[in-house]
Amino acid sequence: MVLKKETNALNPLLLSNWGKMSDENIILNLSGSKFEISTGVFFTIKSMQSPASAMLKQCWNPSSRKEILLERQSIAFSAILPYFQGRKLHMPLSVCPLDFQEELEFWGIDPSVMSKCCFSRYCAFFDEQQVLAILDNDQLKRLREQKSLQDRTMGTGWRSVQAKVWMVLEEPSTSVLAKIFFVLSAIFVMVSIFALVCGTHPTFKRSLRVSEWRDYFGSDFSKFEGHFSDSVPVNTTLPPLPLNVRTNVDALVYIEYITVTYFTFEIILRLIFCPSKLRFFTSFLNWIDIIALVVMYSKYFANLSNPKEKYTASIFDTVHCLQIIRVFRLFRLVKNFSGFRVLLYAVRASAFEVFLMSMFLLVAMLMFSAFAFFSGDESFPSIPDSFWWAIVTMTTVGYGDMYPKIGLSKFVGAVCAVTGVCLIAVIIPIFVNNFILFYVYSKIWERKDKPIIERDSYESKKIKFKINKIDAVPSVCDLKQAN
Ligand SMILES: [Zn+2]
């Protein structure tokens, strides 16, 4: 009996001897690794509702008692066997949880009986897989679309032309022309944003010309004419010109005309060559383009109908500020980078955590602003006024426009700051983990994304390498002959 305890599952010689010595024990051979089990354990396995039990029932012959060969993983079974022997179920580190799940199914064990220490790892793996399924589905969809587009280019007629042009417009990685188009688009987007940004700085403003003043004053121009001509006597009193009326330098105006023309041309091309019109009008990026263009054109039309609009603040400025939308065109440029897509997935997958963080922040904000107000410090005139202070303190920004001045409110402030740091320290890693998870996984996809021909050549190289290695090693028979 002492010997039985020392039985080494990985020592088949010892095991086979034992098989001969003891008639009561049964030998399970799992792909070469032999396990000696008692009849009790054997009948436990056989009584389960599982593929394993069905197989054992088939192979089991009580009269011959030969060892039973099962072509299953031995590492997983070395973890499963203790469970049948009445101990706890743990998952080996070296086995992929997906593999282990398959083995558990084969042996008819419910995963939930696993010990907590390993079950958390097991569950975390499947949660992760669920999250990654978003990326998988999306990538598969992209690949399928690319493939169908590529297939269409092989055809003839309008559909083929449409697909070819669309590839140039949408898939920068497919051809040199598409790359050039992508770079050109990128330059135009950058230049257009540059014009918007610079237009707000005094360096890029100039004073108005005479013709522009005429537009500006309209019928009142005659009163100010003296500023622009020498014929008017010097001693007549002239009303001063308004100081704050300035306009963009000409270069910026020309840049705007050029970029608007380019974007108009581009959106028309997209509309004509988009394989699905429905998708064209449901695309967020297309709507960005359309709205940005509509804003620009309405600005031009407003300027034409009322030239004074160009130089003054008016209701139209509300529409004018919509120009900011053109900044979103940057999304079209970055959407082809996997890193950006990964960031979007990470945000999507962390939506619940972001919501949780907002809830925590909200509760803490309400609590600390109330505490600060009731501390009696006159820096906090009301609870709503203290909201701002609480948020800024908890996010560790601390503008310093509001700060506690007395002991009690300082104490509240200190607790508020520490709570904020703890909250953020807990939530941020979840987001970071999701990002890293997606990023690593997207790298795998990038490899798979490579053209099949390229991958095939890589595979065949690998196989060749293996064959060479096998050739180089003398076989066992060779060695015997040499001896
Ligand atoms: Zn464990």
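FYI, residue positions are counted from 1 along the chain as it appears here.
Each residue, glycine too, has its Cβ placed from N, Cα and C.
Remember, TrEMBL labels are computer predictions, not curated facts.
Look at TrEMBL and you will find 26-117 tagged as domain 'Potassium channel tetramerisation-type BTB'. For 245-438, the entry in TrEMBL reads domain 'Ion transport'. Summarising the annotation, TrEMBL assigns transmembrane segment to 176-197, 251-273, 280-299, 352-374, 386-404, 411-441.
Beyond the transmembrane segment (352-374), the same-chain residues lying 6 or more positions past its ends with a Cβ under 8 Å from any Cβ of the stretch are 380, 382-384, 386-387, 389-391, 393-395, 404, 409, 412-413, 415-416, 419-420, 423-424, 427, 430-431. Remote same-chain residues near the transmembrane segment (386-404) are listed as 361, 364-366, 368-370, 372-373, 375, 377, 379-380, 410, 412-413, 416-417, 419-421, 423-424 (criterion: CB distance under 8 Å, separation of at least six residues from the stretch ends).
Here the transmembrane segment (280-299) has long-range neighbours at 256, 260, 263-264, 266-267, 270-271, 274, 316, 319-320, 322-323, 325-326, 328-329, 331-332, 335, meaning same-chain residues at least 6 beyond its ends whose C-beta is under 8 angstroms from one of its own. In terms of DSSP secondary structure, the domain 'Potassium channel tetramerisation-type BTB' (26-117) contains 45 helix, 15 strand, 32 coil.
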